[in-house]
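Participant: Below are the features I grabbed from Swiss-Prot:
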- Lys70: active site, proton acceptor (ACT_SITE)
- Ser19, Gln20, Ser21, Thr66, Asn91, Asp106, Tyr225: shikimate binding site (BINDING)
- Gly131, Ala132, Gly133, Gly134, Ala135, Leu223, Gly246: NADP(+) binding site (BINDING)
Amino acid sequence: MITSKTQLVGLFGHPVSHSQSPMMHNTAFLETGLGFAYAAFDVEPENLEDAVAGIRALGLKGINVTIPHKVAIMPMLDEIDPLAKRIGAVNTVVSRDGRLIGYNTDGMGYVRSLVEETGIVLEKQVVTMVGAGGAARAVAFTLAEQGVKEIRIINRSRERAAVLAEHVGMIVPTKIVEQGEGEAAIADSSLLINTTSIGMLPNVQETPVPAEWLHSGLTVSDLIYNPLETRLLKEARAIGATVHSGIGMFVNQGALAFELWTGEQAPTGVMREVVLQQLKKTT
């Protein structure tokens, strides 16, 4: 029950009606008995500055930030965590001692779920990544900081891939996969990651990589979690590759935000279960 002592957190985005975050976080708050409540706020871009002022005025403990505000919100905050600065986007804001601090939990949420669910040793990985957008930046920078051997980027826009390769290349060897070189790049990779929306509902017959490029020595990871098993993952499983779906990243990025706001460990099992139940209802 919400009382006068309830600590409020929430989500700023546009639109937000599809979000699983309120259900996931409120279930976690109930499970832990913490006096927090989570709401989704549909904030149009022209109202973002007022909404950020509202965090201060209303005493919110923090917020999640989603599309289209992850970059636009950065100059409105008092401090940006170094990893979020490198990624160039914020997905979590914490209000601490009157200051608003921006973090990005997407990359660490991804890495935490990948390691927990597959047992993968990151230091041994040669990574091929499909995509060079915001999700790709978060994942690439975090994997680089965790010490993977090499990152290869496949992307429709070479220009965007070049920018990401240049920045990540300051930490770990990174190269662009040129047109026609995708199959060869994946052939001697150990981890393949789809960071694009190719294969997401309703376009479930699409896949970012032809099945014949996959091999059993791969761990194939897809950031999409709706559907829970994309065509890419089905085809990878069929040839004996290890597969990893996007639900773990979604749950763990939320769990890390929960921990930043509350200082308590998040009940990730409960959070995962409620999201799974919700997805099964809607698919």
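Every residue, even glycine, has its Cβ placed from backbone N, Cα and C.
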Participant: Give the sequence-ordered set of same-chain residues, not counting Ser19, Gln20, Ser21, Thr66, Asn91, Asp106, Tyr225, with Cβ within 8 Å of the centre of the Cβ atoms defining the shikimate site.
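Facilitator: For the shikimate site, the extra neighbours are Leu11, Asn64, Phe250, Gln253, Gly254.
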Participant: Look at the binding-site residues Ser21, Asn91 and tell me which residue has the greatest number of other C-beta atoms within 10 angstroms of its C-beta.
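Facilitator: Of the binding-site residues Ser21, Asn91, the most buried by Cβ count within 10 Å is Asn91.
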Participant: What does DSSP call Gln20 (shikimate binding site) in the simple three-state scheme?
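Facilitator: DSSP call for Gln20 (shikimate binding site): coil, neither helix nor strand.
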Participant: Rank the binding-site residues Ser19, Gln20 by how many other Cβ atoms lie within 10 Å of each Cβ and give me the one with the fewest.
Facilitator: Ser19
Participant: Can you tell me the three-state DSSP label for Gly133 (NADP(+) binding site)?
Facilitator: coil
Participant: Over all shown protein chains, what is the count of other CB atoms within 10 A of the CB belonging to Thr66 (shikimate binding site)?
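Facilitator: Thr66 (shikimate binding site): 18 neighbouring Cβ atoms within 10 Å.
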